[in-house]
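Q: For reference, Swiss-Prot lists these features for the protein:
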TOPO_DOM  1-194  topological domain 'Cytoplasmic'
REGION    1-58  region 'Disordered'
COMPBIAS  1-16  compositional bias 'Basic and acidic residues'
COMPBIAS  45-58  compositional bias 'Pro residues'
REGION    115-145  region 'Disordered'
MOD_RES   Ser116  phosphoserine
MOD_RES   Ser120  phosphoserine
MOD_RES   Ser161  phosphoserine
MOD_RES   Thr166  phosphothreonine
DOMAIN    188-367  domain 'MARVEL'
TOPO_DOM  216-223  topological domain 'Extracellular'
TOPO_DOM  245-254  topological domain 'Cytoplasmic'
TOPO_DOM  276-291  topological domain 'Extracellular'
TOPO_DOM  313-319  topological domain 'Cytoplasmic'
TOPO_DOM  338-341  topological domain 'Extracellular'
TOPO_DOM  363-558  topological domain 'Cytoplasmic'
MOD_RES   Ser387  phosphoserine
COILED    439-548  coiled coil
Amino acid sequence: MSNDGRSRNRDRRYDEVPSDLPYQDTTIRTHPTLHDSERAVSADPLPPPPLPLQPPFGPDFYSSDTEEPAIAPDLKPVRRFVPDSWKNFFRGKKKDPEWDKPVSDIRYISDGVECSPPASPARPNHRSPLNSCKDPYGGSEGTFSSRKEADAVFPRDPYGSLDRHTQTVRTYSEKVEEYNLRYSYMKSWAGLLRILGVVELLLGAGVFACVTAYIHKDSEWYNLFGYSQPYGMGGVGGLGSMYGGYYYTGPKTPFVLVVAGLAWITTIIILVLGMSMYYRTILLDSNWWPLTEFGINVALFILYMAAAIVYVNDTNRGGLCYYPLFNTPVNAVFCRVEGGQIAAMIFLFVTMIVYLISALVCLKLWRHEAARRHREYMEQQEINEPSLSSKRKMCEMATSGDRQRDSEVNFKELRTAKMKPELLSGHIPPGHIPKPIVMPDYVAKYPVIQTDDERERYKAVFQDQFSEYKELSAEVQAVLRKFDELDAVMSRLPHHSESRQEHERISRIHEEFKKKKNDPTFLEKKERCDYLKNKLSHIKQRIQEYDKVMNWDVQGYS
């Protein structure tokens, strides 16, 4: 009986849908097309499903007792001498490592990863992730008929792939621009200091290596003479001091090594600090840091100069090598200068010069940053406190001959006002709220012209508001000229009068004149005049840009 049931199941086609199919989702039951039809929407025979990589096994797969269940393959743990993590570390990352694994390494049971919820039928455009553990169409796991049912009711979006984010390869120009933006800091004086710091580290390492290579000579000296003057050379030392020499008590190599190590550690700290964002944003805006860095470089210059003098003095043993009484065949090994010692002396003096150059660059950086801060301060003052003369220039417009130019739409040269954002430098105090940058409405309302129709529309707007601007400009200009005349008259009035009544009368005149200047109607007209001037300048600039592009196109085709 079980064999007949299996044979009938084999004869059934894969595109047939039984009428008594249990549904897991209640939303699909409401569609009667799935209950009335025995087949799916597509009547074309479908290819058989792909076979699994390995046949299933186990006692639950076979319902008959006559047939022997398949023997489970002998699964043994794979023991490798070199772990895979080490291989992947030396091999590098791959884009899709699962494709390169052999069949025996494929895991048919997923890890303990949390499964994503199934896709909702009410949202046909939603795509479940690839690692979902359930069928996204509401059927059982891996059933082919449930996919056909969902495709029939909710067809897939053919344009679903358009919203995928594609990662394009950057061009050479984009890479060069990013490189210049990232490393343009190295072109400044602060960047030169960082380069000199790297040179100082290399030279300091050379000093340390060369001096350490011949430290055994110091041990031989102390083993032979101890920590005092050489035996029998006290008189020689006294004679040398009599003729301007000095005493020599032993090598001072530890002092040279301490100076080289201290300078190396200080230099690497300054170098790491200089490559940070804190150095660029905070320290460079301060007045004390460039001078502090100058002092550090001067101190290291003095230390290296002292170390170089001490090391040169050690090579000739404090001048004892110049005396025949000391320079005997027994002591000749102490007076012989090796090639590594000569290299150490060269490195010491070159490093000393590099630290001196770094100190001079720090002074140049201090002056450069002071000039930059002063320039930013002056620009901020010009933005915050515009002069009265600049305001008057914005409303100046000649009224003679304007009617004739209106008909020909001849635009007058109108310079646009420069709108610069407020610059904040230095440490931002807590609770500081920056002032918003107010952008005029006509900037977004009148973008770049693309067609001739837009040019005609811009031209009509210009003609319509140019007459209003002329009237306001003439009126405001007349009032400003009247104010200039009254200013001249008011300046001639006496500031201190002998009579009290005269003083009160002059005070009332000043107050009345101040009220006239601050009249809301006049200020509103003046503000409207400034707005129209900037707006017309913007529209005129857009039209000129479009005409220039069109002229280029005509010349190119001709």
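Along the chain as shown, residues are numbered 1 onward.
For all residues, glycine too, the Cβ spot is worked out from N, Cα and C.
Note that this is a predicted model, so its numbers are computed, not measured.
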Q: Residues of the same chain, at least six outside the topological domain 'Extracellular' (338-341), with any C-beta under 8 angstroms of its C-beta?
A: 210, 213-214, 311, 315
Q: State the mean pLDDT for the topological domain 'Cytoplasmic' (313-319).
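A: Summarising the topological domain 'Cytoplasmic' (313-319) by its mean pLDDT gives 75.
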Q: So how many of the residues in the topological domain 'Extracellular' (338-341) end up helix, strand or coil by DSSP?
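A: Each residue of the topological domain 'Extracellular' (338-341) counted once, the result is 3 helix, 0 strand, 1 coil.
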